[in-house]
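A short write-up of the structure that comes next.
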Amino acid sequence: MTLSIQSLASIAIELQSGLTQRDRFQRLINSLRSLLRCDASALLRFEGQQFRPLAIDGLAQDVLGRRFALDAHPRLEAIARAGGVVRFPADSELPDPYDGLIPGHDQLKVHACIGLPLFAEQDLIGALTFDSLDPMQFDRFSDEELRLISALAAGALNNALLVEALERQALSPLASPGGSSPRENDEIIGLSSVMQQLKQEISIVAGSELNVLITGETGVGKELVVRAIHQGSARAANPLVYLNCAALPESVAESELFGHVKGAFTGAIQHRAGKFEMADNGTLFLDEIGELSLSLQAKLLRVIQYGDLQRVGDDRVKRVNVRILAATNRDLKQAAVDGAFRLDLYHRLSVFPLAVPPLRERVSDIALLAGYFCERCRIKLGLMQLTLSVQALSALEQYSWPGNIRELEHSIYRAAILARAEQSSSELQLLPAHFTIKAGALPARIIDDALPESAIGVSLATLTQHFQRSVIEKTLVECEMNWAATARKLELDSGNLHRLAKRLNMK
C-alpha cells in the first residue's frame, strides 16, 4: 500500500482545519495533489447534470468559473456514471475537460487522468479529478487506496452540503426547503468579498416578504439577483413576472400594470389581465422602475400599500398578493429629493436595498466570469476547446468594463468568433489581439473607434456628426437600446438626446 496511515491522517486533519468550507476544500485539494504528485487536482460538486468546481490546484484560475455539463464532457460523464475509481488511459479518445487549462502547458494534452465519484448514500454529489502529464504517474496507487481518499472527500462534501442547507433554511425560514430548480444560466458567479456579501444578503432577504430595491449599473446582473431572491422564497413555485418600465409608452403603461376591460379604450377588444394579476401569489419584477411617470407611481403605491387594484375602465376592485422586486440604475433617493420620484414609494420599495457592484470593483471575479462565458461559448460554437491565454486574461483584468458583465460576455463571444475565423480549428486559444478592448480609460477607445480611418478632406462638421452618431450607437447597445438610460449615461437631457438623434437621422 503506497499511501501510509500518516498520509491518510493528514488528509483527515486538513478536512477539519480552515476557517471556511472553501478553505478546507482548498487545503484538501492541495494536500491530495502533493500526495499523488500530480500536475492538477480538482474537487467538483454535482448539481443539475453538471459539475461545478469548488476547489482547484494546478489549473488555470478561470476553471473555477466553468460549468462542465455531462453531455458536453464524456470523461466527466463516465465518472458520473461509474460506481468507483475511473482510470483513463493515456491514449484515451475521450477529450479531457482540462486540456489547455494547465498553466505553462497550454498546447500540451493531459496524459493521465483518474476520476473518483463522490456519493452520499446512493446519490452522486461530486467528484475528485487528478491529472498528470506523466502517463504512468497513477499506476502505483491501488483502487483501494483511491477509494479511501474518495470516502474521506465524500464525507466532507456531504457535511458541507448539509450545513449549507441548514444555514440557508435558518436565514430564510419562510422559504420552501427544496426551493425551485434554478434555470440554466441563473447562477451568480463570483467569489470576491463584495459578491460573498451580496449572496449573504440575498439569502437573508429571500425568505422574507419584504419588497426589495436592487440598484446597480447597466449590465451588472440585477436580473440574476431578482431570480435568486424569487427562487429562495416561499413564492418560488408561483410566477415571477417581468416588466420593463422604461419600455412602456405612457399610453399603455397603466394597462400593462393593472389590466383593462373590454371597451376601456380604442383597441381594447377584450378583457386583459395586467402584470399584477399575472403575478398574484408570486413575484413582480419591475425593471427600470425609475422611468415610471409620477401619476403611475401614485397608482403603484396604492397597490403596494393595500393590495387593491382596478383594471382600466373597471370600477370593481381586485385584491392581489404580490411581492415587488424593483431594479434601477438611477439614484432614486436623489430623484425623490429632486421631485422626479415619489419619496413615499421610494421608502416602500427600499425596505431592504441591495446594491450590485460593478465589475471594476470585483476584478478577482473576472477570471471566473471569463471561464464561465468561455465554456458556454465553446458549447454554442461546437468547439472542442476554448481557453484564454495568460496575456488575454491580464488584459481583461486591466480593462474598466463600463458595460460590466454583459460587455465581458459579448467580448468573449466576439473574440471566439474572430479566433475561429483566424485559426480554423476546433481548439482555440483567445489572445489579446482577438479583443477590441484596451486597458485604461474608455474615452480613448471610443474616440479611436468613432472616427473614420481617414479624416483628410472631411469637414469638421461632418466629423463631429460622425463622432456623435457613433458614440450614441455604442452607448445604446451598452444600454440595451434603452434611450432613457443612454441619455443618463451620456449626461444629456432625454429630450435633447431624441432631438439630436433625429438630426443625425438615427430616428
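Keep in mind that glycine also has a Cβ here, set from the backbone N, Cα and C atoms.
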Report task. Check each of the ranges 203-222, 303-322, 423-442, 483-502 against Swiss-Prot and return the one annotated as DNA-binding region. Result -> 483-502
**Report entry** Which listed residue (Asp57, Asp280) has most other Cβ within 10 Å, given these are recorded positions
**Finding:** Asp57
Query raised in the report: Out of these binding-site residues, Gly216, Gly219, which one has the fewest other C-beta atoms within 10 Å of its own C-beta?
Result: Gly216
Requested in this report: Would you mind reading off the Cα separation of Gly219 (ATP binding site) from Asp57 (4-aspartylphosphate), to the nearest angstrom?
Outcome: 31
Query raised in the report: To the nearest whole angstrom, what is the C-alpha distance linking Lys222 (ATP binding site) and Asp57 (4-aspartylphosphate)?
Result: 32
Query - Euclidean distance between Cα atoms of Asp57 (4-aspartylphosphate) and Gly216 (ATP binding site), Å - result: 34
Query raised in the report: When you measure from the Cβ of Leu286 (ATP binding site), which residues in the chain that are at least 6 apart have a Cβ under 8 Å away?
Result: Leu243, Cys245, Leu292, Ile324, Leu325, Ala326, Ala327
Report summary line: Within 10 A of the CB of Lys222 (ATP binding site), the number of other CB atoms across every chain shown is 23
Query raised in the report: Given the model, what does the mean pLDDT over the DNA-binding region (483-502) come out as?
Result: 82
